[in-house]
Structures are given as C-alpha cells and as structure tokens.
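For reference, the structure discussed in these notes is given below.
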Amino acid sequence: MKEIKLNSDSLEIYEKSASKKLNRNDLIDLWNLDLNDLLDISYALKKLFNKDKIDLCSIMNAKSGICPENCIFCSQSKHNSSKIDTYELKSKEEILKNAKSVEKYSNRFSIVVSGKTVTDLEFEKIIESIEEIQNKTKLKVCVSLGLLNKDQLKALNEKNVRIHNNLETSENYFKNICTTHDYNDKIKVILEAKKIGLEMCSGGIFGMGESIDDRINLFLDLKKLGVDSIALNLLNPIYGTKIYDRINSGDISPINSIGALKSLCIARITLPNKVIRLCGGREHVLKDMQKYSLLAIDGLMIGNYLTTNGQNIQSDLKMIEEMGFER
C-alpha cells in the first residue's frame, strides 16, 4: 500500500482519534469531509492499531426461518413473507462439514441460528458442535444464538468462544425496525457476557432509514460497551420483508456506495483500536468499490450469508491481495 500523507485538517482528526479525544460533534462533522480524506484518515488509523491485515470469518445458518421476532429487515421472520429455506438445527456432522469447507480461508467460523433464543436441547447440541469444530479444525469459534441467559453465557465462556449479538441500529431508531424485543434486551446480554469474560462481537446495519446521527450513536454505544469486534452490514433488501416494501415505495432511500464507505470510515475513526468487520450486503451496495472498504476495515466476512449468497471467495482473496493486505 502507498504511504499516506495527511493534510493538516486530516492529521488533526487522526491525532484526536488515536488519543481518543474526539467528541460527538467532531464525529458528526466527519460526514461533510471528502471521501478520499476519510479513507486516508481511516487507513492511517488502521496501520497504527491493526497493521495491514484483514481477518477473515465465515458463518453458517445452522437453523433457518420461522423466527417469532418482527425485525423488518430479516427474511427469517415469520412476520415477513420472504421465500427462504426453513429447517431445524443442523446436526453436528453437517455443521462440522461446513466449518471444514472454509477452514483454509477463514480464521473464524460462526454458528448462527434464527429465533429470539435457543432451547436447552438446541444449546446442548450447539455445545457439541463447538467441541467438534475445536477438536477437528484450527478455526476460532463464534456463536450467534440470540438473547442468552447467564448460565448459557458461562457455559460458552468455558468453551472459549466469541459471542455475537448485533445492536442493529441506535437505541432511538430501534423501535422502527423491531418491537418484539428492545434495544436494552441486547445491551443486557452484552454487558453480562463482558462481565463473565466473553469476547463480544456486535454492530449493526446501514441503510434501514436511520440518520447519520443514529449510526454515530450506535458506534458510541459499541465503544462504551467495550465490544471487541464491530460487525457492520449494508442492507441488501430481500423481497418479502417489510423494509423491501418501504424502499420499493420510496419511503426509505437505499444507502449508496459513498454513504456506506463514509459510514465505515466514521466507524473506524470512532473505534480506532477495534476490529471493524464488514459483513453482509457489501457486494450489493459497494459493487466495484468494495476494495476501498479495505482501507477502513480489518475484518471481512467471506462466503455466503444467512439467506443470501456472498461473493466468490477467490474474488475476495484476490481483492485483498491486490490492495496489498495480508490475511
């Protein structure tokens, strides 16, 4: 990668971010900066804290659909009418096979299930799958299992896994995307997980009609919570979801590539020493501008997502190499 020479204004932002002296007004003002300046600042911070590496992760939709929650963006919600495959929890053999299929590319593998939480029987089976993956691959294991209780979190801590629980958006905007559970339900799980000693991955989705203020408030909450890995998605509206209808009617404007890249940069500047991980929707929103996201992020989800297909893994590896990054 080329060496970055920051102009005086960009250098001031870089130094304030690195020393954690940026306030909320500073972050709001970032939106008005030129994208190239934001990318330069982000890349300088990335080099300072996380070097020229991209951490790769993959997920498996281990239980799909018929979710009782009413998240307007999710094709797995029974409140939406998307046509997707639905199935109960996959066997440990199927989960292990999926993990092994991405082992040569990914550093992390996450078991993801639909629903507000898991049953006791499902949890026992997931623990068995975690053990299988840890014993038979070199992958680090993550799980996304909804709103877990203290005993479940303690059991997962004993298995040395990372927990994923997305806040999705700001506290103020959350009621616009889901009403069957609230923001504080998620906060409680994250706080309990951190208290127990678990690594935590959390983040949100850009493009659901939220404001720039909402995105910044999300970043500040993630910072306050001490989340280890920040998972950021770009909305790929799926036919049959409530949000697809709202975008199609013009009620919500879809996020564009410039807005997405600026948001990723502001996440980096707000959380300079955290892993910023770009996940679903990047192919749909960024298209041929995906490569520029690598200047702001240091984690990338590869392979397929929960109910949509991802970019060819070889294309991702080529993109990373051509941009001069390691994995």
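Every residue, even glycine, has its Cβ placed from backbone N, Cα and C.
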Practice task
May I ask you to find which of Arg24, Arg277, Arg282 Swiss-Prot records for the [2Fe-2S] cluster site already listed with Ser110, Cys142, Cys201?
Solution key: Arg277
Problem - Shell of the [2Fe-2S] cluster site beyond Ser110, Cys142, Cys201, Arg277, same chain only (C-beta within 8 angstroms of their C-beta centre) - result: Cys57, Ile59, Arg108, Ser144, Arg162, His164, Ser229, Ala231, Met301
Problem - Three-state secondary structure, which DSSP defines for Ser110 ([2Fe-2S] cluster binding site) - result: strand
Fill in the blank from the handout: Long-range Cβ list for Cys71 ([4Fe-4S] cluster binding site), cut-off under 8 Å, min separation 6+ in sequence, same chain only, gives Ser77, Glu168, Ile177, Cys178
Practice task
Enter the number of other CB atoms within 10 angstroms of the CB of Cys142 ([2Fe-2S] cluster binding site).
Solution key: 23
Completion exercise
Here the 10 Å Cβ neighbour count for Cys67 ([4Fe-4S] cluster binding site) comes out at 22
Practice task
For Cys74 ([4Fe-4S] cluster binding site), name the DSSP secondary structure in the helix/strand/coil scheme.
Solution key: coil
